[in-house]
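Here's what TrEMBL has on this protein:
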type     : residues : note
TRANSMEM : 12-30    : transmembrane segment
TRANSMEM : 77-98    : transmembrane segment
TRANSMEM : 110-127  : transmembrane segment
TRANSMEM : 139-163  : transmembrane segment
TRANSMEM : 175-199  : transmembrane segment
TRANSMEM : 205-226  : transmembrane segment
REGION   : 233-279  : region 'Disordered'
TRANSMEM : 294-315  : transmembrane segment
TRANSMEM : 378-398  : transmembrane segment
TRANSMEM : 418-441  : transmembrane segment
TRANSMEM : 448-466  : transmembrane segment
Amino acid sequence: MPPSRCGCLSQYTHHHLAVFLLTFFSYVLLHASRKTFSNVKVSISAQWTPSVTNDSAQFSPAETWEDNRLFADEKQATLFLGALDSIFLFSYAAGLYLSGVIGDRVNLRYVLCFGLCGSAVVVRFVFGTLTEWLHIYNVYLYCGLWVLNGLLQSAVWPCVVAVMGHWFGKTGRGFVFGLWSACASVGNILGAFLASSVLKYGYEYAFLVTSVVQFAGGVVVFFGLLTSPKESGTGLGPVETDADSHKPLMSDEEEDEQAEVYTRRRRSAEPPEEPPPEPPQAISFFQAFCLPGVLPYSLAYACLKLVNYSFFFWLPFYLSSNYGWKEAEADRLSVWYDVGGIIGELSAPTERSPVLAVSLVMAMGALVGYSRSPNDQLINAVILAATGFFIGGPSNMISSAISADLGRQEALRSSQEALATVTGIVDGTGSIGAAAGQYVVSLIESKLGWMSVFYFFVVMVRNLLFNLNETSFQ
């Protein structure tokens, strides 16, 4: 580890470690629960389109296949699964815009735990487990529950990013957020293994296990998380002065700033000549949206999240339907995309824009290569990991570290409390793009095949590069 990283890590206390772990595993558990739906799509599709030749659906002699027939064939079921993905992401995007603003005004711990426990009990358990146990199959019920699912889950991400931003300042934040942003990929891996381990008992038990674990995590967070240093009662603060925390990580003037840091710290040790400033106030949604760099990065993230979440929602289904592999095997193989994403996140240096551009150019080549992957699990896993490296890494870089930078830039010197609002805007706009894309993916696959889907992904990455070139936040 470079000396600069070792030096900044030595300034953290056990409070920083506790906050890091609690927020990290909060989103790990949320993503593990979210990943369950994509891991059991084959089983759900089989259950919704039963037939006398369907070996995946088991019925007692008294039941007929019409009892829980929702769709006439598998193609219609696939389109509805894509529609559910879009419904979730549209409601998730709407909730992000709202929850970010709420998180800047209400105790972040309350909002975070409400999202975790609410989505675990009200939605995941009811949607995936209770409806199957009671044999309730209704399209409108599924849509309504999935809208509620998106709204509840949207409360989590802006809150955890805001908490991390309150505890970790600019010094070392690139490395800390790079490490922390692996939470989504770790959650995907955990969710895939949990789902595949109990899938033989029925897909309802995959939902049950992940919802119970997520609810327990929400309880732990409620009683253990400190949302800001002032709650610790020890006088802790960010590892640098407030003036420094406004500096973005995008800057290439790191060496020049190091000399200024020492001077500012000496000045901060002297008695203040002015009265202490008023407590920071949250800014409005419109003010946050008009901050330099927020709009272009939001549009860029919309394109990237479309591709990233398409892999998230459809990869196990693609591996099972395209290669004929068993659903449990497809679930376990899909984790290599997230393994590549984790490596991409951890290897990202402080300078953001050049890394993003190079990674996304390589991502287009990886997408074309993966679309031609042979029916070999080893080769598929290698190419899949490379694709995750060049897509998953930049995706989490934009949504976590860069969101924190945008919320603490120079324009907010008079009002720092915009982290959750800005994060909600960036991630919400990304979710709108991803939501529109999920139904498009299912439509393209049903009409043109999977090869056309991958070319669609390449076009989206190219649009992302265009938006990054247009950004004024350099």
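Each residue, glycine too, has its Cβ placed from N, Cα and C.
Automatic prediction, not curation, is the source of TrEMBL annotations.
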Positions on the same chain near the transmembrane segment (205-226), where near means CB under 8 A and six or more residues out: 15, 18-19, 22-23, 25-26, 29-30, 32-33, 36, 39-40, 109, 112-113, 116-117, 119-121, 124-125, 127-129, 163, 191, 194-195, 198-199, 232
What residues in the same chain, six or more past the boundaries of the transmembrane segment (110-127), come closer than 8 Å to it by Cβ-Cβ distance? 26, 29-30, 33, 36, 99, 102-103, 142, 145-146, 148-149, 152-156, 159-160, 163, 207-208, 210-212, 214-215, 217-219, 221-222, 225
Can you tell me which parts of the same chain pack against the transmembrane segment (378-398), counting only residues 6+ beyond its ends and a CB-CB cutoff under 8 A? 178, 181-182, 184-185, 297, 300-301, 304-305, 307-308, 311, 319, 323, 333-334, 336-345, 347-348, 352, 355-356, 359-360, 362-363, 366-367, 369-370, 426, 430, 461
Considering only the recorded stretches 12-30, 139-163, 175-199, 294-315, 448-466, state which has the highest number of Cβ pairs under 8 Å to the transmembrane segment (77-98). 139-163
With the greatest number of Cβ pairs under 8 Å to the transmembrane segment (12-30), the stretch among 139-163, 175-199, 418-441, 448-466 is 175-199
Below 8 Å between Cβ atoms, which of the listed ranges 175-199, 418-441, 448-466 makes the most pairs with the transmembrane segment (294-315)? 418-441
